[in-house]
Amino acid sequence: MELPDPVRQRLSNLSLTVFGDSSRTGPESSDAADNEMVSSLALQMSLYFNSYFFPLWWVSCIVMLHLKYSILPDYYKFIVVTVVILITLIEAIRLYLGCMGNLQEKVPELAGFWLLSLLLQLPLILFLLLNDGLRNLPLEKAIHIIFTIFLTFQVISAFLTLKKMVNQLAARFHLQDFDQLSSSSAAVRRVRQCTEEL
C-alpha cells in the first residue's frame, strides 16, 4: 500500500524544505554515498517496542476509563473517548509509515510519520497526561509518561534520520547530474574529433 502520488510529492517537497542542509554548496566527497544505509536502528527498535507497548497502553486506557467514567463530567467523557479513538487510529498509521519510511528509506513516508508524531500524537498524549480535569489514576500517568517518552525519542530520531536521508538524496542527485554532464561533454569531444577528422 503506497501513498498517493500527490501526497508523496508534497511530503517530499516539505522534507526537502525542512530537512535539507542549506549550508552545503555541493555534494559531500564520499565514495560510498550510493551504498550508505541511512535508516536508523534506534528508530526502528523504538518503533518495534512501541508496537508491543501500544496494545498494553490501549487496554489499560480502556480499563482506567471504565473505572473513572462515572465520575467524569459529561464533556470530559466525550473528549476522552474521542481522544482515545483518535490516538488509536493515528498510531496504526504512524507505526506503518515509520516502519516503511525507515526500513525502505522513503522520505515521504518517514516525513508523514514525523508530522503525525509531532503535530497530532504528541499533543493528544500530553493532553491526556497533563489535564487535571481527567482525574488520572497512577497507572494512567505511568503509561502516558512511557508513551510520551517513546514519542519524544521517535520525533527526535526521525528528524535526524530524515535530515541524513535528504542530504544523501541530494548528494545522489548532484552525482547523477555530474555524471550526465561528464557523459555529455565526452559526447561533445567525440563529435569534435569526428569533425576534425573530416
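Just so you know, glycine gets a Cβ as well, placed from its N, Cα and C.
As annotated by Swiss-Prot, N-linked glycosylation site applies to Asn13, with the evidence given as sequence analysis. According to Swiss-Prot, the feature transmembrane segment maps to 47-67, 78-98, 110-130, 142-162, an assignment based on sequence analysis.
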Of 47-67, 110-130, 142-162, whichever stretch has the most CB pairs under 8 A to the transmembrane segment (78-98): 110-130
Cβ-Cβ under 8 Å with the transmembrane segment (47-67): same-chain residues at least 6 beyond its ends: 80-81, 84, 88, 91, 95, 98-99, 102, 137, 139-140, 143, 146-147, 150, 154
Count of other CB atoms lying within 10 Å of the CB belonging to Asn13 (N-linked glycosylation site): 12
